[in-house]
Amino acid sequence: MNGPVRYLSLVGALLVSASALAQGNPEQGKQLVMQGDGSGAPCMACHGQDGGGNNAGGFPRLAGLDENYLAKQMRDYNSGSRTSPIMQPNVDNFSDQQLQDIAAYYAAMPVPATKAPAADDALMAQGEKLALQGDWDNYIPPCSSCHGPDNGGMGDVFPGIAGQHPNYIASQLRAWQAGSRSNDPNNLMVAVAERLTDQQITAVAAWLGAQPASAAKGGK
Ligand code: HEC
Ligand code: HEC
C-alpha cells in the first residue's frame, strides 16, 4: 500500500497545488529579525548574521530556503505540529504576516558557504546512493525524487536539503521517527524517515551536507 507509486503520484499532486504567491516584505522582515519577537533571543544568535546556521549547535541554515516553506515552518512551531523547545519561544509573538516577512528576508539572502567536510568514502558512497537512487528493497525512494534533482528543493513544498548541516538533517529525520515533527503534508517524510536505519541517516546526512551550498538555490 505504501509503495513507490503512491509516493510519486502524491508528489505530483503537491507540486501542482504549490502555487501560493510569496507575499512577504523582506525589508520589514529584516527589522523583525534584528529585533526578535520580544521574548526570544535575536535570530542571528543561533542562525548567524549571514543566515548560515551552525552544524555543531544543530542550527539550520535559513538563507536561500524557499519563502513559503520557511513561513510554514514558523507557523507550524506556533501551532505545535512541529515542536522544538529551543525554537518555539522565538517566533510565538509574531503575526502570520510578520512570519511571511521574515521568511521573505531569509529566502532572498545569498546562500553562504556552509559545505560540511566529506566523511569517509564508504559512508559518502552509501549516502549518495540513498540520496540519488534510494533503497527500493526497503521502499525508500531517492531523496531527489521529491527534493529535486540536485536535492536543492522543488517549489514551496519540498525544501532544499543539499548543503544543509548534517547534524540538523539527522536531527530532523530522527524527529520524524520519534513523532516530534509531524508537519509534513500527507506524511510524506515520516514514511521515508521511519524506514531509514540510524546508520543510513548518518550516511545520507553526511553526503547531503557535503554538497555545494549553491545547489540549494535551485529548484524554483
Ligand atoms: C536559541 C537558538 C535559536 C534562536 C534564537 C532562533 N532559532 Fe530558529 N531554530 C533553532 C533550532 C535549534 C532549530 C531547529 C529546531 C527543530 O529541530 O525543529 C531552528 C529552526 C528554525 C526554522 C526551521 C528551518 C527549517 O529548515 O525548517 C526557522 C524558519 C527558524 N528557526 C527561524 C528563526 C527565526 C526567524 C528566529 C528569530 C526570530 C530564530 N529562528 C531564532 C534555534 C534558534
Ligand atoms: C515522497 C517525498 C519525499 C521524499 C522521497 C523525501 N522527502 Fe524529505 N521532505 C519531504 C517534504 C514534503 C518535506 C517538508 C515537510 C514540511 O513541510 O515540514 C521534507 C522535508 C525534509 C527535511 C527537513 C528540511 C528542513 O529544512 O527542515 C529533511 C532533512 C528531509 N526532508 C530529508 C530527506 C531525505 C534525507 C530523504 C531521502 C532519504 C528525503 N527527505 C526524501 C518529502 C520527501
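Just so you know, glycine gets a Cβ as well, placed from its N, Cα and C.
The signal peptide annotation in TrEMBL covers 1-22. The domain 'Cytochrome c' annotation in TrEMBL covers 24-110, 122-212. According to TrEMBL, the feature heme c 1 binding site maps to C43, C46, H47, M87. Annotation source TrEMBL lists heme c 2 binding site at C143, C146, H147, M189.
M87 (heme c 1 binding site) is surrounded by 18 other CB atoms, counting those within 10 A of its CB over all protein chains shown.
The maximum pairwise C-alpha distance among C43, C46, H47, M87, the residues recorded as binding heme c 1, is 11 Å. When the binding-site residues C143, C146, H147, M189 are checked against ligand 1, none has a Cβ within less than 6 Å of one of its atoms. In terms of local Cβ density within 10 Å, C146 ranks first among the binding-site residues C46, C146. Per-class residue totals from DSSP over the domain 'Cytochrome c' (122-212), listed helix then strand then coil: 53 helix, 5 strand, 33 coil. Comparing C-alpha positions, C146 (heme c 2 binding site) sits nearest to H47 among the binding-site residues C43, C46, H47. Listed in chain order, the extra residues whose Cβ falls within 8 Å of the Cβ center of the heme c 1 site residues C43, C46, H47, M87 are A41, M44, A45, G53, F59, L62, N90.
In this entry, C143, C146, H147, M189 make up the residues listed for heme c 2, with the farthest two CA atoms of the set 11 Å from each other.
Among the binding-site residues listed (C43, C46, H47, M87), none has a CB atom closer than 6 Å to any atom of ligand 2.
When the Cα atoms are compared, M189 (heme c 2 binding site) and H47 (heme c 1 binding site) turn out to be 24 Å apart. Residues belonging to the domain 'Cytochrome c' (122-212) score a mean pLDDT of 95 in the model. Other than the site residues C143, C146, H147, M189, same-chain residues with C-beta atoms no more than 8 angstroms from the centre of those residues' C-beta atoms, the heme c 2 site, are S144, S145, N151, F158, I161, L188, V192.
The separation of H147 (heme c 2 binding site) from C46 (heme c 1 binding site), Cα to Cα, is 25 Å. Note: C143 (heme c 2 binding site) has non-local neighbours L130, A131, L132, G134, N151, I161, V192, V204, L208, i.e. same-chain residues 6+ apart with C-beta under 8 A of its own C-beta.
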